[in-house]
């Protein structure tokens, strides 16, 4: 800081003298610029020459060699020059204490989908159950005949089979109804002169057989038949076992099924994708103490003289189904009892409606029977499309993972969703029972008759059924004010949709875990809200016209 008595003039003079003393001559500045340019050019030349030297060294910069002692000299030559770092392998940049970089190997993309070369159109399924009403089932055997068309020449036969399904002696029969020179294959063996290889993938659950040539020819008609065996589990998927206790506390056993979304392959070998629709003809062999049910009405019941000790064999055949997806196939083998009625609909006459349960809960089925009849009448009239089956069964299962499942002609429920005791059950539970019945009957058209091509479109399937359960329940029980209730539910769905873990209603899914994860509140609730929004901006008349 200058002294206080220094005036402005003195400070200006001293400043001028200071600037004069530190002035750089012009010639010196020019020489400095030239030197900087020369240094820059020299650095570029040095970088180029260093790279040439590096290229001629007997070592390379891959991860495996950098982990060896002989690569130390290479690293010192490569890494000491900062001008050429960007041109060299980045392994050189790692500190000596860091593990050398190794290229990450990307996990190969796994294809869980079936190819589109073959298209099934008919199944003939036999299930033989080894148990009676007092004996726990442990396994069942079966046989399946699948008829399919070839859409494009191929040498591969690929279908779904869960690892619990054991193919008898790894043998099957392959025939053609269009090629008289087609050679049937009997044994799946690597030594078979027609078979190049066969493989089963536990992750994709695909069984693949590849032949040496394109034995399946475009527009050809073929069939595959094979026997199989499977253990019975109590996991509520595929064909599974369950039980209830009778009035005396004794266990009574049954077999039930749950195929959606991708568990038909746990029950029998098949082409288990929703767009692979087929017709099904089902036969069940069972003990006389049990009664089987399936999608269609019973066609015939025959007593079988067999030598299997301990079983009084009965063969029950069912009528052929309409064309449907594998996830809608259903079985039930039990001693259940039913309430039955017949109803004339707008377009269908004499349709059998049955509600069934364990015998000691039969008196709790009256509400469900009335709601089933009322909903079936409403939806056939609403859709203006004939209900295509001759019967519709509703059955309460003691152990059922979902609230209910819309199997065509045989809807299965958790007991709490079908049984109603007026003395014990609340009005809220009563409303829930009627809503679930309406939801599953709505699916008989939208979901069963019209099905998703793939599970990415699940939101449309379930969102529509969720919305239609409101429409149907409001039609048969208007005093409940279902549209007001739906509005309140919509707020909870918006709250659910606001969290970070939410997802779009249409989600690309591939593997089984991804498919199972989208059966959630967003898919159902938000999907229903969007369907409701469509109804409002299209107008109800236009909306309804688009569905019929």
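Our numbering is plain: 1 for the first residue shown, then up by one each step along the chain.
Even glycines carry a Cβ here, placed using N, Cα and C.
The transmembrane segment annotation in TrEMBL covers 28-48.
Per TrEMBL, domain 'Aminopeptidase N-like N-terminal' is recorded for 132-328.
Residues or ranges marked as Zn(2+) binding site by TrEMBL: 439, 443, 462. The C-beta environment of residue 443 (Zn(2+) binding site), restricted to residues of the same chain at least 6 apart in sequence and closer than 8 Å, consists of 406, 461, 465.
DSSP gives residue 440 (active site, proton acceptor) a helix state. For residue 440 (active site, proton acceptor), the count of additional Cβ atoms within 10 Å of its Cβ stands at 26 [all protein chains shown]. Sequence annotations record features per position, and here TrEMBL assigns active site, proton acceptor to 440.
Around residue 439 (Zn(2+) binding site), taking its Cβ as the centre, 26 other Cβ atoms fall within 10 Å, counting all chains. Listed in sequence order, the residues of the same chain lying 6 or more apart from residue 462 (Zn(2+) binding site) and placing their CB within less than 8 Å of its CB are 447, 519, 523, 524, 527. In sequence order, 406, 440, 442, 446, 447, 461, 464, 465, 466, 468, 469 are the residues of the same chain, not among 439, 443, 462, whose CB sits within 8 A of the CB centroid for the Zn(2+) site.
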